[in-house]
């Protein structure tokens, strides 16, 4: 039975019949139009309140997950219940009108009495339904019902393509009046219905002053059997299902295929519905919350009661309305009788029908319809209401009876305006603003209180769309604000200034054309140009703005320009204009021809006989000749600059005149125009190709300029980074997009504004750690203050998810226009791509496209790339590069393009498309040009359809969701997949098997080698070797490894470089988002944690923080709290949070997180000395046991390994944190943490992990000062390495070891050995093709080379570092490069890259998220700049950069970069102290003591590393000499010299020697010593070529004040 029912439902005729009443389906109508049919029946009008409010609530919802589908479910939940009741009781649903419906019981007149009883019973049961249901979505849904009975007439009308029907007559008027009288839950009977019903069965309540009555309840006699009565009544209904069909709600569900009937019924159904039925798409596909324009037309007739009269009038009106709407892709949605009139509900912008300039077309259509219908003599009054906005467009009703309808406040507003403002075309403010028509086309109407509309806003009358010469009203539309800068358009203004200069110098015509899409800010550019042009003396700028209507008015542009030139724009009366004209043309034109100006300038010169005989063409020529003379006369007196906005609307005659004008006299014309929609006329083409024309295509604003714009628009000094990213990405650099996105955020109250606080006052927590805001450029600060000295900052409301926000209606409309202009296949491709995300690969798109082959897809993609829907990229590096820079403004050389032969153009286009196809084949990554398009297309899918496609995407991506092949496809969080069951439960077995083989669900053979070995270690270092011999042996070992890597690369060296960074963006992040969409929160959490871990590995703390935020939201949604996998995810989450906190220098938070993680991993870390002592004893015994163990146990299970690796990671961070603290007992905690890391790593039985632990343990003992212990563990590392096979991961272990040992040796001051090891590590990592590691080793190698003054080698390393930073687009390596360049300038006496270049890099990148949230590097850069300015004694600049550095000082991390940065910062503070002492500042001594304490603290810290001691002692010596403490100065200076000698630190030793010489000699330095030195610093190239002389090192960077040490005394400081 169900199969049969499904077969019936799939029939096209059944689907069509579901949109129509039985009255039409089974009707027999004559082919004449109009045709009339009369019958008797009962009408029920049901009005449902609450739907409009619900539609508004959904249409203004913030997030994309609250869309049309949810709304249609709620609407149909109620409406289908009503429809079902009506059908069960034998009714026929005639029409759905938004949130109301009209039902009919068609019977003979003698049956009316009984049928009314049935209908009343049905009405009461409908009310009962709603009383039982709870309010949905917080809205109270209630119904009002009106009933009428009597004589009904049906009118069928239309044209050859579409038919419509109406029911008219007294009963129809009565039923509407009855419903209007009803209150909530009332049933009202019309007077006639009350007359015809069985009064004995009905209890009523009288309505005062009305003949209609209200039904209270039915009161059947005790013996009354309603079922028998109902069955009897249904026998009189022609199409009530009975017998074999009694289980069907409607007989129309059983219709057999009948092509003739189907063709007939199709005429009653909208075209988009028929398309949906033909495409066999799911019901509901057309349900959307969609921006549309509603045109409500109401016709009132002179003889309302005569069907034949109104029938012909409606027919005439309908045919005309249909023809007008067809031109502009509008459609009639409903036609019904409405309060004594006939109403047409017309809609522009239905799915698939969206067109540009929709609002203008709607108004144009409305005016046309109004003009036509007003001429139909049988129509008394025509009233039209036009409203624009988001409404619900969708199929509403029951599966067996439904209609496509529109619901929303805008529908109501259009309907109310139509009734409250009769006899005119009225529109709302949104339509008025969106039309972009001149204000003089409209007149504001007085406000009226309209039923059901709380605040419609201003209402306007549309006066007509024929352009009139409104002198003084065609100025540029936008305003120029003195306090608002023109942002991001420097280049465009430069083009104007340059062209202007040429115009003035050559006295030759110039044309400057700015082409740009709507929203690019063309009008703003012209407004600025008008202002600049008017600043020059003897220059006259005439600026006008055209509209869409201007194009259709002959000679309109010249007419307006000449009116301005002649000064007519300021005249208040035609007589004044006439006098002005007479004075200007009397010498140029015979008086008898003055009347030539009558029409064009609205004057009244007497018409001469000669003029009346003149032909139209001759008049035009005379007029043009006169204008030429006037202009020739004017340009002799002053320079004329014509400025024309929206020049695409210049009419053809005006173009021809302009073309002639620029050839005849020197004139400067500036135009802005949107790209021509059609081929421009010959004259326009000629101007574009003229040698004196400069044609500029406007680019978008750059990210920094968008940031500036937002800060200026909001009047704030900073905005959140998340908001900045959202607006930069969402706007694509288009000013209008940015403004609309901001308005949308403001509308949803997402933005908060507060007084700016200093950063020192803010307590750092996890939630505010990354709330460092982005600021506008310095020159914008002036425009961002709310008042003098007061600044506000912008924040986001807590919990808001910007990326999930639904796009603003205005921007959605732009995307819908573009989508609807595409073919259906292209639309499908774009919608499928939208499911994948903003960025996607061709492989994944092909996977989810239904029934496409690769050739079809490539061809479609090429077209869409050409149409600027997608951008394509060969690699993720290209993508990242493109995202950093928006398309800039550029000049188009149409003259050279025009040289191509016309015959070749078509061929060229085809060739271009073929080239694009080839490019798409090569490019595997694509991205939506506009994120708004992706969001808009995504919202068009149904929930179930989305789920199917998200699942397809997830299954495809899972196979690659791990590290790249280069990194052996492992997890970013070691052994993560062993803990969390993320794949197997949802995938088929073939996929599972494939994934097992590709991803290593079991440990592969190579991993097994490193994880366990049954054989005892073969190699041991002989005990009698000296340190030198061991050193040579180690270096020789690494040399051998490098030799073997070079000699057999195929076995050892990976074929491709690391691709992990790319995989994060195109695989793992999209996969996490697909799982979020599928509500698979545990899987989504897994991948967000993987992402966070990966970004921490890549040094991107901000992204790690953001994805941990996503993870935290998902963790809160998980319910199975007792599962081990969830516990592990919590532990991972806390450990990753700890790592972020550690990197940001928030050690207290980091420690707290690590303790939480270890507790969840069942490794509680002691929190008091008693448990510490006990745990220390346990761990020492464990370590002894592991170290003395000769054979290893069986392999460790994957789950256990995951746990151990995470524990080891936590302990590694913990000992570093404890090492930072001075408290004596903290070193024991640090020692315990280091030992626990060691034991945990040994338990893994993995060589790589064990070697890492040995190296960590060695470093810990180095820094803690345990001289003998560290050596033992370094030997153990080498013994471990010597026992590994030379392949795969073992090579990486060896490279890692060389690199880490080199780093440790550098920290400890063994600079020669650090260089030896670093050089070998560099060669190994370069062969292993891992950019991240290669970058790190180059950075590390540069520092010992710098301190050893080995500049030739250093410059070579810097060259490699620069090449890497450019190739990989790596900001960290580029920043480090400039840091070393600054060091070279400050300390080495030559220039490798200029100071200006370094400073520019900092200015452009200081807000980069990797640098901003990386501890040390930005601190170092700021501090170096501050030191430079301090030496130049430019103290304002010094303070600026020193203050920036100061904010970063608090991020204390035990890293080399931090100590490099802090030592530069301290140097700046010491130089500032010198200034204070010279100026005898009051707090100088306090500052000196504070600086000395800070330096002593740095030296005392375990984590600092001896390599920094010489510099720190040097600074301490200088502070002492400044403060008059010669004894301490000697001590610190000598200590620093000894350490420099020991380390081989030639650079510091040289500086110390010079300081000693200067401080203890009688020599004096001049104040501008450093300035003189700066000016004579040689470049590296000059030094190499021998032209630069010696490097400048004959000066000291510390120039003590000009007074002897003995003169310093305590009172002076006070």
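Glycine is treated like the rest: Cβ placed from N, Cα and C.
Swiss-Prot annotations:
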- 42-179: domain 'Guanylate cyclase 1' (DOMAIN)
- 47, 99: Mg(2+) 1 binding site (BINDING)
- 47, 48, 49, 50, 51, 52, 99, 144, 406, 412, 413, 414, 415, 416: ATP binding site (BINDING)
- 47, 48, 99: Mg(2+) 2 binding site (BINDING)
- 95, 167, 176, 337: hydrogencarbonate binding site (BINDING)
- 293-418: domain 'Guanylate cyclase 2' (DOMAIN)
Taking the recorded Mg(2+) 2 site as 47, 48, 99, identify the other residues of that chain whose CB atom sits within 8 Å of the mean position of the site's CB atoms, giving them in sequence order. 46, 49, 50, 51, 98, 100, 101, 143, 144
If you draw a 10 Å sphere around the Cβ of residue 51 (ATP binding site), how many other Cβ atoms fall inside it, taking every protein chain shown into account? 23
Residue 99 (Mg(2+) 1 binding site) as reference: those binding-site residues from 48, 167, 176 with C-alpha within 10 Å of it: 48
Between residue 415 (ATP binding site) and residue 176 (hydrogencarbonate binding site), find the distance joining the two CA atoms and give it rounded to the nearest Å. 15
Mind giving me a neighbour count for residue 49 (ATP binding site)? Other Cβ atoms within 10 Å of its Cβ, every protein chain shown. 16
Rounded to the nearest angstrom, how far is the Cα of residue 47 (Mg(2+) 1 binding site) from the Cα of residue 337 (hydrogencarbonate binding site)? 15
When you tally the Cβ atoms that lie within 10 Å of each candidate's Cβ, which of the binding-site residues (167, 337, 406, 413) has the highest tally? 413
Grab the pLDDT values for the domain 'Guanylate cyclase 2' (293-418) and give me their mean, rounded. 92
Taking 8 Å from the centroid of the Cβ atoms of 95, 167, 176, 337 as the cut-off, which other residues in that chain fall inside it around the hydrogencarbonate site? 43, 45, 94, 102, 166, 168, 172, 175, 336, 338
Cβ neighbour count within 10 Å of residue 415 (ATP binding site): 24
When DSSP states are folded down to helix, strand and coil, where does residue 176 (hydrogencarbonate binding site) land? helix
Taking the Cα atoms as reference points, how far is residue 406 (ATP binding site) from residue 48 (Mg(2+) 2 binding site) in Å? 14
What does DSSP say about residue 47 (Mg(2+) 1 binding site): helix, strand or coil? strand
List every residue in the same chain as residue 47 (Mg(2+) 1 binding site), at least 6 positions away in sequence, whose Cβ is under 8 Å from its Cβ. 99, 100, 143, 144, 145, 146, 179, 182
Across the domain 'Guanylate cyclase 2' (293-418), DSSP yields 49 helix, 51 strand, 26 coil
Hydrogencarbonate site span - longest C-alpha distance across 95, 167, 176, 337, in Å: 13
Most Cβ neighbours within 10 Å: which of the binding-site residues 95, 176 is it? 176
